[in-house]
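Straight from Swiss-Prot, the features:
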- 1-45: transit peptide (TRANSIT)
- 46-339: domain 'Obg' (DOMAIN)
- 52-87: region 'Disordered' (REGION)
- 77-86: compositional bias 'Gly residues' (COMPBIAS)
- 167-212: region 'Disordered' (REGION)
- 197-207: compositional bias 'Basic and acidic residues' (COMPBIAS)
- 340-513: domain 'OBG-type G' (DOMAIN)
- G346, M347, P348, N349, A350, G351, K352, S353, D393, I394, P395, G396, L397: GTP binding site (BINDING)
Amino acid sequence: MWRRQHALLRRISLPKPPAATGIGCYYATEPEGRKPKTAPLQSRGMVDRFRLRAKGGDGGNGCISLRRSRSDRQGKPDGGNGGRGGDVILECSRSVWDFSGLQHHMKASRGANGVSKNQIGTRGSDKIAQVPVGTVIHLVEGEQPSLSVNKPTRALDPWDIPDAVEHSPFSSSRIGSKMMKGLDSSRSSQHISSKKNTAENDCERGNRNHRGKEPYYMTEFVRTEDYDGTSYPHQVGVDENDQFDDEDDEFWEDDEEELDMEEVTEEKEEEEDVRYSVAEMTKPGQRLIIARGGEGGLGNACILKEMWLSKAHKEEEMASLSTGHPGTETYLILELKSIADVGLVGMPNAGKSTLLSALSRARPEIADYAFTTLRPNIGSLTYEDYFSVKVADIPGLIKGAHENRGLGHAFLRHIERTKVLAYVLDLAATLNGRKGVPPWEQLRDLVVELEHYQEGLTKRPSLIVANKIDEEGADEMYEELKKRVQGVPMFPICAILQEGVPDLRVGLRDLMDASDPQGIELSKIVVD
C-alpha cells in the first residue's frame, strides 16, 4: 500500500516537459549509412559495352557409404552421387535497356553432396542475368556458349529441378567402362555412358526406389545459327542471396578490384582482342548458357564392383571419381546494338538531342558544343491511337567514322537495326560567318559513311529533317537543299521552338506504314 502511494507522489512531483516550440532540429550533414539518391534515368550514361567473367557451379561430391545388416556384415555400398552445379545464363528481356544492372563477376551455386541411402545431391541453382534486346556476345576466353530450348518429356520431380532449371542429358548417375579407362585424361571433357551391368542396375534401381520416377530432365542445346526463336523457356526463379563456398574463393583472387559504374561509363571504346562473335540476342525470351556447371561426383553405389574391391583403385581412382567436376569459366564482352524504329543520324551539333526531347519525353543532355551525346538516347513517340515508335538519338558522326574515327564504330553499330533513318541536317552551319559544312554536303558525308560501314544500310526508309529553320537565311538554304536533293521526304523544323515537329510526327508515321518506302541514293545528291 505504501509503495503505491509513494509512486503516486513521485508521479505528481515530477516536472512537466517544456512545451514544444517552432524551432526544429536540422542535421548539418546526412546521417551516416544513408545511401545517396540514384541519378535520374535521363542523366545516367548508357552502358552499352560490358566485360563479364562467369563461372559455373562446381559439382557436388559423391558419398562413400556402406549399408550393413545382419545378413551382410561387410555392407553394401549405398552412397549417392553428387548434384550437378548450376549454370550461368543470360536472358534477353525488354525490361532492361543497358548493362548497368549486371555484375562483372557471376558465379552459379555449387551442387549438393550425395548422401547415404543412394540419395543424389540437389542440383545447384542457376545464376540468371537479364540483358537488353540487341545484345551481341563476343568470346575472349573459355568454351563457346550455346542457346538452349527446353523440351520436357515427362512430369518433373522437384528434387530434380529445384529452381526449374535444365539438366544435362549426360546424368552423373550413369557409368560405363569408357569412363573408367580414361581417368588419367581431363575429366571435364568426359561423360559417363550407360551400360547394362550389375552396378548400373543397382544404381538405377536405388534411384527409382527412392524417388519413384526416372530423375532425368532432357534439354536440347542448339547452335546459334539453328535457333529459330519460336520456342522460349519459361521464367526461372533465381536466389539473389546465393552465398559462395569458401573453397571457391580462388575464382575471385585474381580480380579483387572491381570496376565501378563510373569507370564503365567513362570507358573508351577500344578494339578488343576477341576471337569470334558468339551470338546475337534479338528476341525476348532467348537464353544463352555462358558457363556450365560441373558434373557431380559418383557415389560408391554407382561404381563398378570390380573397382570397389580392387585395392589398386580404391585409394586413387575412387577418390577422383567421387570428387565433383569444376564448372567452366568464360570471359565475355557484351555489346549493345540498340533496336529502335527510327534512328536520328547527323553531324555533331546538328540538334539531334533537342529533336528527341521535342518528339518524346526523353531528356538527354543538351549543350552548345560538339559530341555532347556520347551514348545513344532512346525515347518513345506515342500517337493518339496508342501506336508507339522508338526513336534513338545516335551520337554525332564525322568523316572517317567507318574507319573508327571519333569512336565511329561505337556509334554506327546502333544504326544497324533501325527501321527508318532520319538524317538531321544543320541549315545554319554556314550562316553568319560560321565555318561549317553546307547541309547537302552533310547529307553526302552521312550517306557515304553509312554505306562504307555496311553495304545497303542507306536503302532503308529515309527522310530528311532540316533543323534550325528559324535562323536568318535558313529559308534560302532550305530552298537550295530541295533543289540539290530530290525524291526524299523533307521536313523543315526548329527543334528548340518545336516548329514543324507535328508535321514530322505525321511524316514518321506515314513512313512506317508505307508499303514501298525509298532510301537515299548517293547519285541523287548534287554537290559542287
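Cβ from N, Cα, C; glycine included.
Every protein chain shown contributes to the tally, and the Cβ of L397 (GTP binding site) ends up with 26 other Cβ atoms within 10 Å. In the three-state DSSP classification, P348 (GTP binding site) falls within coil. On the 0 to 100 pLDDT scale, the domain 'Obg' (46-339) averages 66 in this prediction. As a summary of secondary structure, the compositional bias 'Gly residues' (77-86) carries 0 helix, 1 strand, 9 coil according to DSSP. Comparing local CB density within 10 A for the binding-site residues G346, A350, the maximum falls on A350. Site extent for GTP: the farthest pair of Cα atoms among G346, M347, P348, N349, A350, G351, K352, S353, D393, I394, P395, G396, L397 sits 14 Å apart. Summarised by DSSP class, the composition of the region 'Disordered' (52-87) is 0 helix, 8 strand, 28 coil. Considering other CB atoms within 10 Å as the measure, the emptiest surroundings among the binding-site residues P348, P395 are those of P348.
If you draw a 10 Å sphere around the CB of D393 (GTP binding site), it holds 30 other CB atoms from the protein chains shown.
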